[in-house]
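Novice: Take this structure, written in structure tokens, and hold onto it; I'll ask about it next.
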Amino acid sequence: MDETGSQNLIVWIATEMVMAIVHILQGIWMALVGLFTAVTGWQPTLAEGETPMINAFQWIAWDGSAEAKQSLMTFIYYGASSEFFFICFTAFLVIFLIGIWSNQFLWGVVVGLEFVGNTIGRFFAWAGLLMVVQQVIIVFMQRIFTRPDIVFGFGLPLQFDISWYAEELKLFNAMVVTLCLTYTFIQGGHVRVDLVYSAISFRAKRVIDMIGAMIFMVPVAVLLWMYTWFFMWRSLIVPNPSASEELDRLVMKARALRWNVETIGFSPNGFNGYFLFKMLMVLMIALIFIQAWAFFYRSFLEWKEGPSSEGKYLDQDVLEQGEEPYDHAEF
């Protein structure tokens, strides 16, 4: 490559970097404006012929009106939009900047975020026990009492075919996997393939943890969120929304919008709530995103305060009296 080509390449790289920085700053500014509008209800002065902004939460009080349908499509669009990403990014940045000034504030955020993961995980871990109990009931009803169905309740009982309950076991398993994932991460239960991590210094470990949270956890969570968000809504409404459609296009499609909850099972009498699995996927990604924040903040604080802060305020389970919480599983 000659000198002119090298100079052009440098100019192009510098231009792209400046444009990226401008785009990020513009996104942060629009996120702050959008957040202010959502909290205060403020609307800009409209010129003649302009239409007011659609309230993205009006659909919650569903009445089937055109406004409610447009509101739902607006909510779907913004749920996986760049605007929503920059609102989250701005919140992350503001919390982090305050945390640089006040360690105690950031520790409070870490404890709060980890409390969310721990509480949800500890509660839904009991779904594993329900799964075992229900499987035992199915075996008894099918093999001993030779019943084709299971009935719960009085008056208007809950009655489904045994195959419905058998397939529903997958839902309990999905709850354990999706809603206990971040809980297991907080407890140090995931396997970490260790090549150099154990041989480096404490602060170097924390730097690796921060880089890992920002380069692996957050981007993967964002990418999965964009796919699972629309994947979930395509099982709930028609016409199906698409990630490639702009807001105006989705609002136009709202005229034909109606609820069409997917209730197709694998067998004629099988479990018909498979849309719940798609909702669980969205919840799982949201929990991963929250825990990525908490892990980054914790790693930063431990890097800043030194080895004495390792595991500070970490709420790990202790099964027996005198037992130490287990460390990260490593190979």
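Glycine too: its Cβ is placed from the backbone N, Cα and C atoms.
Pulled these from TrEMBL:
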TRANSMEM  9-36  transmembrane segment
TRANSMEM  84-111  transmembrane segment
TRANSMEM  123-145  transmembrane segment
TRANSMEM  165-186  transmembrane segment
TRANSMEM  207-230  transmembrane segment
TRANSMEM  275-296  transmembrane segment
Novice: May I ask you to check whether the transmembrane segment (275-296) and the transmembrane segment (165-186) make contact, with contact taken as at least three Cβ pairs under 8 Å and only pairs 6 or more apart in sequence counted?
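Specialist: These two segments touch.
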Novice: What residues elsewhere in the chain lie close to the transmembrane segment (207-230), defined as a C-beta under 8 angstroms and at least 6 residues from its ends?
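Specialist: Non-local partners: 76, 79-80, 85, 197, 200, 241-243, 278, 281-282, 285-286, 288-289, 291-292, 295-296, 299-300, 303.
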